[in-house]
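Visitor: Please read through the structure below; I'll follow up with questions.
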Amino acid sequence: MKTVKAFAPATVANVSCGFDILGFAIEGMGDIVQLNEKESPGLEVSSISGDDGKLPLDAAKNTCAVAIQAMVEDLGINPGISIQLEKGLPLGSGMGSSAASAVAALIAANEFLSSPYEKKDLLPFAIAAEKIACGAGHADNVAPSLLGGFVLIRDYHPLDVIKLNVPQDLYCTLLHPHFELKTADSRSVLREAIPLKHATIQSGNVAGLIAGLYEEDYELISRSLRDVIAEPYRAVLIPGFYEVREAVKGAGALGMGISGSGPTLFCLSKGKEKAIQIAKAAEEVYQSIGLGVDVYFSAINTDGGYVLTE
Ligand SMILES: Nc1ncnc2c1ncn2[C@@H]1O[C@H](COP(=O)(O)OP(=O)(O)O)[C@@H](O)[C@H]1O
Ligand SMILES: N[C@@H](CCOP(=O)(O)O)C(=O)O
C-alpha cells in the first residue's frame, strides 16, 4: 500500500503592515499529514489527532481534503486516498493552523502522485482550502508555509508571490494566550473602506519593512512594524494587547503585532537572547492579567513544508 507523509510549518501572517500580503514561516511547530492509498476512488479523512475532536472529518470541510480535491480536479483524476492528520498547531490561534494542514496535505499528495506540480504551483489549491476555513482566500499563511521564508503576495489576480530576503539574526517570539479566536470572526470587525491618510501610512510601512529586510537594517524594520488598517479594530479582541506591547518594547523588541488574526502576538528581535528577554517581560504581563500563555521562539524558517521520510 502506498503511503506518504509530509510536514508544514506554522506561519505569522500580515507582519503588522502587510494585511493579506506578507507572512513568514516558523521553525519546529506545524501539522503532519499522512496519505494512504485506498481501493475505492475519492478522498476520505480517516483520522485526526491533536484537535480534541474539534475538526471536521467531512472531506468537504477539512482543509486537507479540500486542498487535495482542488488539486486532483485540476489534474482531472479521482484517486482513492485516505488522509490522516496530526494537528501540531492550536486551532484559531493566528499561527496559520488551517493553512499548515492544507499545505502538508498538498505536499504529501504531490509526492503521492509522482510530483505533477512544482512546489509553488500548489498555492492556488491551498488558497481554495483557506476559503473554506475562514471565508477568505488569503495566501499570507499558505504561501510562507509552502515556500518558507518571508513571503510577499504582490497580487492575487494573477497570483504573484515573491520570497524576500531574511536577515540572518532576525528572531521571532510568539505569545499564544489560552483562548481561541476564529479568523472569520476577526475579519468581520474590519472596515471595507480605508481613509487615504491610512493608505499612505500603510504603504510607507510595507515599503519600509521590505527595504529593511533587504538592507538588513533592524532599525528600519522596527520603524516599519506598524499597522493602521487591521490592528486598531482587532487589538480590542485581545486582552492585554497594549500592556504587552509596552513591556516587550521595553525588553528590546523591534516591534510587536498580531500574528495573523490573533490572538497570538508576534515580536521580532535581533537575536535569540533578546527574544528570551522579551518573552519574560510578556509573561509577567499575562500573569498580572490572569491569562495563561504559551511562548515559542523561532528563527525564520526558510524551507517551508517538506516530505517526511521514515
Ligand atoms: N485541518 C484543519 N485545521 C484547522 N482548522 C480547520 C481544518 N479544517 C477545517 N478547519 C476549520 O478552519 C477554522 C479555523 O481556521 P482559523 O480560524 O483560520 O484558524 P487559524 O488562524 O489557526 O488558521 C475552523 O472553523 C476549523 O473547523
Ligand atoms: N491575513 C489574514 C491572516 C489570518 O491568519 P490566521 O493565522 O489567523 O488564520 C487575516 O489577517 O485575516
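Cβ atoms are placed via backbone N, Cα and C, with glycine included.
Predicted automatically and left uncurated, TrEMBL annotations should be read as such.
Look at TrEMBL and you will find P90, L91, G92, S93, G94, M95, G96, S97, S98, A99, A100 tagged as ATP binding site. Annotated domain 'GHMP kinase N-terminal' per TrEMBL: 65-149, in sequence order. If you look up TrEMBL, you'll see 210-286 marked as domain 'GHMP kinase C-terminal'.
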Visitor: Determine the Cβ neighbour count for P90 (ATP binding site): the number of other Cβ atoms within 10 Å of its Cβ.
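Guide: I get 20 for this one.
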Visitor: According to DSSP, does G92 (ATP binding site) sit in a helix, a strand, or coil?
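Guide: Looking at the DSSP assignment, G92 (ATP binding site) belongs to neither helix nor strand, so coil.
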Visitor: Can you list which of these binding-site residues (P90, G92, G94, G96, S98) have a Cβ closer than 6 Å to ligand 1?
Guide: G92, G94, G96, S98
Visitor: Go through G92, G96, the listed binding-site residues, and name the one with the sparsest Cβ surroundings, counting other Cβ atoms within 10 Å.
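Guide: Output over binding-site residues G92, G96: least Cβ neighbours within 10 Å is G92.
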Visitor: Which chain-mates of S98 (ATP binding site) that are at least 6 residues away have a CB under 8 A from its CB, listed by sequence?
Guide: T63, A129, E130, A133, C134, N141, T183
Visitor: List the binding-site residues P90, G92, G94, G96, A100 whose Cβ sits under 6 Å from any atom of ligand 2, in sequence order.
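Guide: Within range of ligand 2: G94, G96.
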Visitor: I'd like the per-state residue tally for the domain 'GHMP kinase N-terminal' (65-149) from DSSP, helix first, then strand, then coil.
Guide: 49 helix, 7 strand, 29 coil
Visitor: Can you give the mean pLDDT for the domain 'GHMP kinase N-terminal' (65-149), rounded to a whole number?
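Guide: Here the mean pLDDT over the domain 'GHMP kinase N-terminal' (65-149) amounts to 97.
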Visitor: Beyond the listed site residues P90, L91, G92, S93, G94, M95, G96, S97, S98, A99, A100, identify every same-chain residue whose Cβ lies within 8 Å of the center of their Cβ atoms for the ATP site.
Guide: A10, L89, N141, G260
